[in-house]
């Protein structure tokens, strides 16, 4: 303990371990005296005699009731003494330079795995074809291109969702761009809403993984 006054006995020591012992003594009503380990060793078994040295040796021999220090818990030590639950965890780490990967032509595809990209491509083609088929079936998607002419006089109504336009509409959704095409019937609107929600999730996930 740093002070200008000369201290003796237990007053010389301070720290977390010291505070823990002090609180335990108040709770359980025992007295204690701190003693420093002469060589500062936590303790290791002697290769010849097999006896423990250091603080662990003092505890095993009964010279000390317990040891307070940053003692590393090993299997060998646990076989001869009991440890409290660790209140400080330290580990040995190896530092190395993070390798710098040179950017490749397809680095923009790295946020998703190959299987995810294949699934997105399959969904793109499938939804485009489905939009084309549903628009052809739905009567509301067939409109009069000439409002001034009565429909009964027209030979054929017009459907805005041709095969090319269906792919263009789905592509615009992926690119987060608007389109002059707008579904009219409930079925095509429902399909478009499901596709837009799917694209919202995909774009959000892509952006998050790319950051």
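Yeah, the Cβs are placed from backbone N, Cα and C, and that goes for glycine too.
Since we're looking at a predicted model, the values are computed, not measured.
Per TrEMBL, the range carrying the annotation transmembrane segment out of 96-115, 116-135, 136-155 is 116-135. Taking TrEMBL as the reference, the stretch among 171-189, 190-208 described by the feature transmembrane segment is residues 190-208. Across the range of the domain 'Ionotropic glutamate receptor L-glutamate and glycine-binding' (1-61), the DSSP-based residue counts are 25 helix, 2 strand, 34 coil.
Cβ-based crowding with a 10 Å cutoff singles out 77 as the top-ranked of the binding-site residues 72, 77.
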